[in-house]
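In TrEMBL this protein carries:
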DOMAIN    A:58-98  domain 'Zinc finger Sec23/Sec24-type'
DOMAIN    A:127-392  domain 'Sec23/Sec24 trunk'
DOMAIN    A:403-506  domain 'Sec23/Sec24 beta-sandwich'
DOMAIN    A:520-618  domain 'Sec23/Sec24 helical'
DOMAIN    A:634-720  domain 'Gelsolin-like'
Amino acid sequence: MATYLEFIQQNEERDGVRFSWNVWPSSRLEATRMVVPLACILTPLKERPDLPPVQYEPVLCSRPTCKAILNPLCQVDYRAKLWACNFCFQRNQFPPAYAGISEVNQPAELMPQFSTVEYVIQRGAQSPLIFLYVVDTCLEEDDLQALKESLQMSLSLLPPDAMVGLITFGRMVQVHELSCEGISKSYVFRGTKDLTAKQIQDMLGLTKPAMPVHPAHPAQPQEHPSISSRFLQPIHKIDMNLTDLLGELQRDPWPVPQGKRPLRSTGVALSIAVGLLEGTFPNTGARIMLFVGGPPTQGPGMVVGDELKVPIRSWHDIEKDNARFMKKATKHYEMLANRAAANGHCVDIYACALDQTGLLEMKCCTNLTGGHMVMGDSFNTSLFKQTFQRIFSKDFNGNFRMAFGATLEVKTSRELKVAGAIGPCVSLNVKGPCVSENELGVGGTSQWKICGLDPTSTLGIYFEVVNQHNAPIPQGGRGAIQFVTHYQHSSTQRRIRATTIARNWADAQSQLKHIEAAFDQEAAAVLMARLGVFRAESEEGPDVLRWLDRQLIRLCQKFGQYTKEDPSSFRLSDSFSLYPQFMFHLRRSPFLQVFNNSPDESSYYRHHFARQDLTQSLIMIQPILYSYSFHGPPEPVLLDSSSILADRILLMDTFFQIVIYLGETIAQWQKAGYQDMPEYENFKHLLQAPLDDAQEILHARFPMPRYVSTEHGGSQARFLLSKVNPSQTHNNLYAWGQETGAPILTDDVSLQVFMDHLKKLAVSSAC
Amino acid sequence: MSQQGYVATPPYSQSQPGIGLSPPHYGHYGDPSHAGSPPGMMKPAGPLGAAAPGGMLPQGHLPPGPHQFGQNGAHAQGPPLQRFPGPPPGNSAAPSYAPYPPSTQSSYPSPVSTSSVAQLGTQLSAMHVNSYGSGMAPPSQGPPGPPAAAAAFQGPPRSSQPSILQPGSQVLPPPPTALNGPGASPLPPSTHRQDGLPGPAPPNAQYQPPPPPGQTLGPGYPLQQANYGPQMAGAQLSYPGGFPGGPAQMAGPPQPQKKLDPDSIPSPIQVIENDRATRGGQVYTTNTRGQIPPLVTTDCTIQDQGNASPRYIRCTTYCFPCTSDMAKQAQIPLAAIIKPFATIPSNETPLYLVNHGETGPVRCNRCKAYMCPFMQFIEGGRRYQCGFCNCVNDVPPFYFQHLDHIGRRLDHYEKPELSLGSYEYVATLDYCRKNKPPNPPAFIFMIDVSYSNIKNGLVKLICEELKTVLEKLPKEGQEETSSLRVGFITYNKVLHFFNVKSTLARPQMMVVTDVSEVFVPLLDGFLVSYQESQSVIHNLLDQIPEMFADSNENETVFAPVIRAGMEALKAADCPGKLFIFHSSLPTAEAPGKLKNRDDKKLINTDKEKILFQPQTNVYDPLAKDCVAHGCCVTLFLFPSQYVDVASLGLVPQLTGGTLYKYNNFQVHLDSQQFLNDLRNDIEKKIGFDAIMRVRTSTGFRATDFFGGIYMNNTTDVEMAAIDCDKAVTVEFKHDDKLSEDSGALIQCAVLYTTVSGQRRLRIHNLGLNCSSQLGDLYKSCETDALINFFAKSAFKAVLHQPLKVIREILVNQTAHMLACYRKNCASPSAASQLILPDSMKVLPVYMNCLLKNCVLLSKPEISTDERAYQRQLVMTMGVADSQLFFYPQLRPIHTLDVKSTTLPAAIRCSETRLSEEGIFLLANGLNMFLWLGVSSPPELIQGIFNVPSFAHVNTDMTLLPELGNPYSQTLRMIMGIIQQKRPYSMKLTIVKQREQPEMVFRQFLVEDKGLYGGSSYVDFLCCVHKEICQLLN
């Protein structure tokens, strides 16, 4: 099916979209029988160096409930200067500017290759980007120092007209006034008291003096700067000031008695940050960057008490309903996240500590606002430093790879409705004709808000075919979907990116082959995984696994070729062949398994899984393993214990970790120092090859993966051993009788066992 | 006027057997039943009536009736007095007064007394001799000379002392002592004598015009029981009508004296001068129990020989009655005014510090009294008997010492705690909070930076001053630098804390806007050593005025400011003191928010007390918290209008802080006064986080305490801090009999933290005599202390009782005390004579001053804040301060001898003592006035003001120019001396005779009738006399 693969790839490159099915079953009934829902992975701001934005505004369908954007799928009557909306079939006049339109003089948005168009909106005041640093000061001296340096460095990376603000917290929360001369001034809040937005604004003096409203003078935007000027200042004005201020930051001075955690008022600090922006720059792109070095220990949003002898909640505690603060804290952060999202502000969390920092409770802040979540051991590690630096990376045009305050709107043709989205977004609760009653992910709306996004931010969008079985679709009819993303570009421009795609309908009974062939198993795996992870947030782990298994079995039953009750007869076509394997690894992944992970880690992994694009997501589901040896060029090998051989160097990329593993023999050679001998230069090269490749990955990825270099028998080898398919374990090793690969000490089932069971169940008529 | 009395228990309400007086009205503050004249009053009328012609009866129906009778009675007896014509020249007495002849004369021109020794003689014999009566009671005082003094004081001889009495008696010392109200005989003016109008003389006199009743009484003393006012009025009226002729005969009242000669009544000046003459400049040793110290106005050197110096403790009487019956009979308050940190002149020995090692001070096992001279060692020194509870304790081994032949330990003179009245112990950890040694205290400066303070330059002034004054933080003994730490807060509607850590390049400001629940935003760097952070602090102080220069914030908060300071100290785990510079009514939304509730309509009603109570219930718990954390609050107020001192001042008062108030502060005029106060307050000796406990020997106990204190229970006097100017007045009551042998012993122990953070115990011991003779009691009284007690108890009662009732009680108790004396101690004499015990000669005048104080005077002309302010000041005053406060010093300046360094002799506070050609200086501890007569000598004017004449003098100054001439120098020196040792810097006002501001000045001429009410001394005396007569009948 090379053609489909190409098609898929081409579509992805052009539109940033990949569908689970590229030919759509034409009725609701058949669609549900396909098991894997009709859905797509959408990267709204996929980088398109070849796509210059057009400097005008889109032409909209005039029907108030539709307002679809003119696109290549629309039928155009060049003589009458009319176009028909392909979603609602409304006939629209072209605006006057399009008077010169003709078959040979088409605007870009009508050309087929411009299924994705980016418009620049010239209207409206441009507000500068806002960065509000919220910094924990309950850190070790080294950590704080490193963090201060990172922050100071970041100032030089910001656009000069960006506004910055600084809030520090420990036992108290300090909002720093940045404009003062001679004395540094800050407003201090108690870390234990929950304040309403109104109170915070009153206390910071942000409430506008009751000003007579001049209807003729809606000079709202101009007022903002004056009100907020004390706390948010253009970087070029207070660069020096802020650098000094950061330099003078001290560790939280309150003594921490033996056996206690420092009192850390993260909840209040975040609440104040949200309140500050809410009061000064609502609906303007802003980034709250929260740096924490430990769990919140007091006030609203506290996650653990300050007694060190009481450890922070574990999955075990949560299952036993033993996590005292979890619900309340989660509620607090959810409330904040929703407020921030409503105002278009995104929240980043940079959590660096050896223990958990409460990401489980705080995750919604990043998940709902499209902020980044970064987890590390210390601020004084390259992992944090480089990750943080990468936030401010620029694209080929010199613009920051970040966008703010986006709304994503989905329009569908009549046969389809949108069922939901999974990704770093919140629902805008916009009902409309194309909203499905069934929800998958965040549903019940046709619009979502994504407060912060970058070129790789990816959402899963789920659809429902609503066409009734008995309402045939005209031959050659195509279903269409339009994604419209309004956002604030990092250059502060407002932009709209519109992507319109169409796929063929097919009758599942007569044309199942077509549909089968158009299955995108990679996209399907990721979309199903997202659904599973989404469910895992609210359901018990085993239930989710059972659901996944059931879906897989049903899929195999539907698309497998087999004789009933004969497992050995089971076959899957090429377009499905990898899918069960993805599911196998997904079941073992940290996204669904909490064993051996702390709640924070699970939240962290899930956070990234819900926003990375397809390639990265696949890596997360099924890590990639490369082998380097003298037997040939580097090659990918099976993620299987049998791949662990003594004379190989392995490079594993799990997205979160890069592991370089030296096989036993290689490790011995290295210890013997052969690489330093001129006659063994080739060995030196062999050692170097995976390092170079790893560097390449490290450079490109956000967040920076944990880099692990280990060897046979090394303690860190567990990273590798826990990922590979345990085809050889202590149970079956001797049965194989050969010395290949490394046995894994586990009771987990291997892929082989998994597949055997799957076949058995698929062919069983009992299901 | 016992405290209990205010509460309404009527301990004294029943007639005392001894006196058979009608029930006094003590104890009735607040007891409505006494509002009307008590029935008891009527009774006396009966007898009187009998004595008097029946005609009297009708009068009885007149409202004032009963009193009149009293008078009449007195009058009736008057005649006999008449016999004493006269005023035998005082010459005879003169010798004894040799030292002060001039003064005597000058101040008592007429007196001289008319009292003739001879004449009096007869009478005197009957009465107690007046101490001055040279002839009479030679032993007693003065003349004999110092050495003898001590001896004289004790024992029998005493009896003679008390004498006072009647005019005649005064043989010599004439006037003062005897106040013959009875103007009768002794009265100077011969006319009077003739009339012989006894006591109530004045009233009679008034028959005619004299003191128009209305005025006299009206204001000060409404009707009702004690009011002399009304009575007098009544008397007047009735007499004429009732007995046209009769009265004259009977009472001889009629024509009587036109007026009581002011010079004939006891003069405080004279008393002060006499004491100074006899005891001034001498060494007073405290080796004897119950000896009466020199007056507070007398300078002498005090040597501690086993009893606490009177600088630390003064008592209302140095001889307690043995039984409570006696105490009730006499109604003399038994109280001690304790000033535990009193400043000791450099020529007296500072307190020794005793260290009993790890086990802490040796204390009685039962009552926990500390080792002191009252402990009796027995059994060869192995055990000792506690002088307070009589428990026999083992002497701890480390403390053992053999006894000598008289049963004294061999180390008696080596150990301060065995031989001295006052000393300090090192406190061990058991005496510390949480058993941890305390941290050095801290001072926090909290400046109101609202618009008005910025605008008038006050903030700048404070900041500038702090830079220098912080150099002089108090330090302990030999410390190189002060261990006190300092912190800074500014505020308006929100609070700004400052981080002035020495390592910072510039100070950091932290704004706390959550005033509803204020907290301390920083720990490290808020309280710092001035030396270490000097540059940052200076930087800050330079910036503060700039920082708020553009502020137009008018609203302020107050309670949160105190709470912030308290929390800061709590967080730093140290005691300390807040210096708050505040100027307006805190109206911003916050706890302790106040509104203007100054309602003049409440004045003179039962609700008047509300004006003295705090407006909200926020401040009392706040004060309690402050005390609990050793946080003392000193408040500098700069009001330009009503700021509700009663509310704002509560915390300063209860935490042992000081309240300073500068009305309509103007930087160019009032800076000096304020800065002096600030410097003085910062530098003065102070102890923090103190608990005082007063232990007594069996038979009596401390029952009530007044002062800058907070009491959580009935025995522990808690003080966030106590400084050298604060006194606590303690009232005692019997709970058993006292024995004359063992006397009454008092041990006052103050546990506190020094400025360097050491925990110490300061012990003051004082032994008093006991006697079953009332005469001994009266002999040992000290009027200055009595007034201090009366003032504090009355001012405390102001919060709960109508002022009218309080005034009545004061008058009644005064009368009662004197009547009891008259009845039991004085020799029989004509009822019309007013006989005063020698020790209480000036009680009436002082009492009148107290009654005329604006706190007790319900007059809308006086600002509510001022009254609340003065009320609060008096509550913590020591005896010397209250004496000066109630009876100001008035000194002529025009007679200045520029070559002498002694102060010109004081004169009585009365307009009649002023002269147009004179310049006078008046001081009361808060204010100082320089009064210029219209004909002041120009050379003096020139000398002082450097202007050619009276007309050129600009009164708009608060400092005299520094001129090189002797007048200027001497006057300034005099003012310096007067100011010395006074806790408040006095504001100088230049007053020109016959100009408007003179009205203010006149209020301080306390012997005259008050501007806003309050009777003159003479009138009051008559009133008291009348009361006494009534009681006696």
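Using the three backbone atoms N, Cα and C, a Cβ is placed for every residue, glycine included.
Unlike curated entries, TrEMBL annotations are predicted automatically.
Between the domain 'Gelsolin-like' (A:634-720) and the listed ranges A:58-98, A:127-392, A:520-618, the one holding the most Cβ pairs under 8 Å is A:127-392. Residue counts of the domain 'Sec23/Sec24 helical' (A:520-618) by helix, strand and coil are 67 helix, 9 strand, 23 coil (DSSP-based).
DSSP assignment over the domain 'Sec23/Sec24 beta-sandwich' (A:403-506) gives 0 helix, 59 strand, 45 coil. In terms of DSSP helix, strand and coil, the domain 'Gelsolin-like' (A:634-720) has 44 helix, 21 strand, 22 coil.
Counting residues of the domain 'Zinc finger Sec23/Sec24-type' (A:58-98) by DSSP class, helix then strand then coil, yields 3 helix, 11 strand, 27 coil. Mean model confidence for the domain 'Gelsolin-like' (A:634-720) is a pLDDT of 92.
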